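Below is one structure, written out as structure tokens; the observations come after it.
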């Protein structure tokens, strides 16, 4: 998959792109990331990318021309999505990440800055995406999260496929508690069932822990899971 990141601050991506699973995926050419600075597409001597909003207001807006020209300079793959990182967008979740990795070969990710972008930029994008209901100084950090989440779902990035299918959110539940050696650390003991070797009992314990943790911390996920089950039963005519 190809990622084209339109950002005023390309240097801030360097450490992220060269470390961990993402760095390995790029080294193996499972994915490729290209950084594009809209400032390189300005036509004035000051290379200005922002201006005051019409009608007045606080702060500056990113101008449309450099963003449009930057995106139009990119190669176009058949299955391309142009994403604006915006607090007004669809919140990133596992379902969205799976949709993107399944349906697209190229993601163009535009990182806003200042007080946002000129509204006409929305005529260029095909989707707005958000990291959550809070404001950051720019779209770079949300873009990093999006790229990381998508790349790890590309086959070949994660060594064990079961690591993806068994992890939190894939089943609609939070993850169960996990432990490693030592079995007793400062009086904090690993639950006996995990040391029993009884795989059926371990599986049952883990499922119960998932239900309990999700009920305590994210009851909304349980509601969605139940609604999905009811919808499936309805579709089946039961």
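Using the three backbone atoms N, Cα and C, a Cβ is placed for every residue, glycine included.
112 is the only one of 112, 156 that Swiss-Prot places in the S-adenosyl-L-methionine site (with 131, 132, 133, 134, 135, 136). Highest local Cβ density among the binding-site residues 131, 135, 136 belongs to 131, counted as other Cβ atoms within 10 Å over all protein chains shown. Among the listed binding-site residues, namely 112, 132, the Cβ with the most fellow Cβ atoms inside 10 Å is that of 112. The record assigns 112, 131, 132, 133, 134, 135, 136 to the S-adenosyl-L-methionine binding site, and the maximum Cα to Cα distance across that set is 16 Å.
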